[in-house]
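K.L.:
Provided herewith is a single structure, encoded as structure tokens, for subsequent inquiry.
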Amino acid sequence: MTDNQYATEELNQLQKELVAKNPIDVLQFCANYFNSKLELQRSQLWQQQNKAKAAGINLFPSIDNVFNSDGGAIMTTNKRQPSFKSPFGDNDPTSIDHHHDDDPKEAPGASKQQNKAELFKGGFGVGKSTPSKPLQELDPNDPSHSASQDTDAAPPVPKSKIPVAFNANRRTSVSAEAMNPNKFKSDSWKPPINDLTAAQKVELSKTLGSNFLFRQLDVSSKKTVIEALGKKEFKNGDEIIKQGDEGDYFYIIEKGTVDFYVNGNQVNSSGEGSSFGELALMYNSPRAATAVAASDTGVTCWALDRQTFRRILLERTFNRRLMYEDFLKDVKVLSSLSSQERSKLADALSTEIYHKGDKIVKEGEQGENFYFIESGSCQVSKDGKGVLTKLSKGDYFGEVALLNDLPRQATVEALDTVIVATLGKSGFSRLLGPAVDILKSQDPTANQGSSN
């Protein structure tokens, strides 16, 4: 399988996962997806380490064994955690420099012979056109490796710069370009504003509402996206995007049909209201397919530029995380969560607004969400028992139906304008962690005093 085919297969699989899971935080979901794929691949390679060594193949070019001062006993500090050659180490300012100032530039007597059958090489040095050299391994039979009798001298260890949280020895995959959300409020960036009719804005709003990337945008962000969309016309047979090119626009089809080709073979077609081109913008990866206008009368698309696309999605995610992290700190039932767990929970929450008299949950209905009250007040009532209690900011409801897979045990009604943060059933047990046990211990079902 070629690199392009491999990338296309990975991106197609990711697209299926995105459609199936419909995550609130798309960026976090995709990062977790590729991290889990990497972890699985590395685990499989590690299991083949002994067989590979027997065949003369070095899956992990590294220095696994460093001899102690006796020259015979092997130090096992890195035996299970081999030191990997970083493809970015020479130019990465975040690298950790694993050497002492008085270390020699090279390990004395280090073998000059390169591995003959390396599967993975660090040849992606940033800012360089020449591949970086693989790590040299110490020759255990070389007497020059014996440490000096001087106890002040440290054993010779080659320099190895490893970026923080770097996973080495695999092909590089998609990666998002660096953007710092903290600078958003201080820079001078302004989104483009195009002259659209009221009818066009309404139609585009409907289209964005059905797209998983923009579904959770607030009113202001959605307005910015709509006004930034520019109309582009293509004749029959025109290439809208080309496989392997850098992504510059995200497209929504207004009129006509677009055919998609991978390595010259047609793989799909899309019509009015469909969108394409988002993955290359999100992850700074090459276009996975070629899109060709396939209507005799031409194709009309709405296009969103790369910077606005990434800026809106990233800024929104960043601001939501900050807002929800502050809010979740004040929710007592979540006090057992770590800051990292709260951050993950914050990314999964979505906001819903209800007005006075609205029924947020109804007794007898199937429960699908767990709710935290951000602002406003609600009353909890049950058939035959009337109003049971009132809830306000920081209170929660909806847990009983999810904990016990039961219908809603009560009705929750908004007493004024209420803003709630919601968490779906799939994320309830996955993200609440130890808080689930606390919720179970407080389950009011047995006492018939349930609030949901």
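These residue numbers are counts, starting from 1, taken along the chain as shown.
Using N, Cα and C of the backbone, Cβ positions are placed for all residues, glycine too.
From a predicted model like this one, the values you see are computed outputs, not experimental measurements.
The nucleoside 3',5'-cyclic phosphate 1 binding site annotation in Swiss-Prot covers 213-330. Taken from Swiss-Prot, the feature nucleoside 3',5'-cyclic phosphate 2 binding site applies to 333-451. As annotated by Swiss-Prot, 3',5'-cyclic AMP 2 binding site applies to GLU399, ARG408. The annotation compositional bias 'Polar residues' is assigned in Swiss-Prot to 75-84. Feature annotation from Swiss-Prot assigns compositional bias 'Basic and acidic residues' to 95-106. Taken from Swiss-Prot, the feature region 'Dimerization and phosphorylation' covers 28-212, and the record attributes it to sequence analysis. Among the features that Swiss-Prot reports, region 'Disordered' is placed at 74-163.
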K.L.:
Looking only at the region 'Dimerization and phosphorylation' (28-212), what is the mean pLDDT?
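P.N.:
Mean pLDDT across the region 'Dimerization and phosphorylation' (28-212) comes out at 53.
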K.L.:
If H, G and I count as helix, E and B as strand, and all else as coil, what does DSSP give for ARG408 (nucleoside 3',5'-cyclic phosphate 2 binding site)?
P.N.:
coil
K.L.:
Near the Cβ of LYS393 (nucleoside 3',5'-cyclic phosphate 2 binding site), how many other Cβ atoms are there if near means within 10 Å?
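P.N.:
A count of 15.
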K.L.:
Please report the Cα separation of CYS378 (nucleoside 3',5'-cyclic phosphate 2 binding site) and GLU399 (3',5'-cyclic AMP 2 binding site) in Å, rounded to an integer.
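P.N.:
So the alpha carbons of CYS378 (nucleoside 3',5'-cyclic phosphate 2 binding site) and GLU399 (3',5'-cyclic AMP 2 binding site) sit roughly 16 Å from each other.
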K.L.:
Which of the three DSSP states, helix, strand or coil, fits LYS393 (nucleoside 3',5'-cyclic phosphate 2 binding site)?
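P.N.:
Once the DSSP labels are grouped into three classes, LYS393 (nucleoside 3',5'-cyclic phosphate 2 binding site) ends up as coil.
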K.L.:
Could you say which of the binding-site residues LEU213, ALA288, ALA303, LEU423 has its Cβ with the most other Cβ atoms inside 10 Å?
P.N.:
ALA288
K.L.:
Including all protein chains displayed, how many Cβ atoms other than that of GLU399 (3',5'-cyclic AMP 2 binding site) lie within 10 Å of its Cβ?
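P.N.:
There are 26 of them.
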K.L.:
Please report the distance from the Cα of LEU213 (nucleoside 3',5'-cyclic phosphate 1 binding site) to the Cα of ALA348 (nucleoside 3',5'-cyclic phosphate 2 binding site), rounded to the nearest angstrom.
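P.N.:
Each residue's Cα considered, LEU213 (nucleoside 3',5'-cyclic phosphate 1 binding site) and ALA348 (nucleoside 3',5'-cyclic phosphate 2 binding site) end up 14 Å apart.
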K.L.:
For ALA228 (nucleoside 3',5'-cyclic phosphate 1 binding site), which of the binding-site residues GLU363, ARG408, LEU423 has the nearest Cα in space?
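P.N.:
Among GLU363, ARG408, LEU423, LEU423.
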K.L.:
I'm trying to understand the geometry here, so how far is the Cα atom of LEU423 (nucleoside 3',5'-cyclic phosphate 2 binding site) from the Cα atom of PHE318 (nucleoside 3',5'-cyclic phosphate 1 binding site), in Å to the nearest whole number?
P.N.:
18
K.L.:
Looking only at Cβ atoms, how many others are within 10 Å of the one on GLU363 (nucleoside 3',5'-cyclic phosphate 2 binding site)?
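P.N.:
Result for GLU363 (nucleoside 3',5'-cyclic phosphate 2 binding site): 17 neighbouring Cβ atoms inside 10 Å.
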K.L.:
How many whole Å apart are the CA atoms of PHE318 (nucleoside 3',5'-cyclic phosphate 1 binding site) and GLU363 (nucleoside 3',5'-cyclic phosphate 2 binding site)?
P.N.:
36
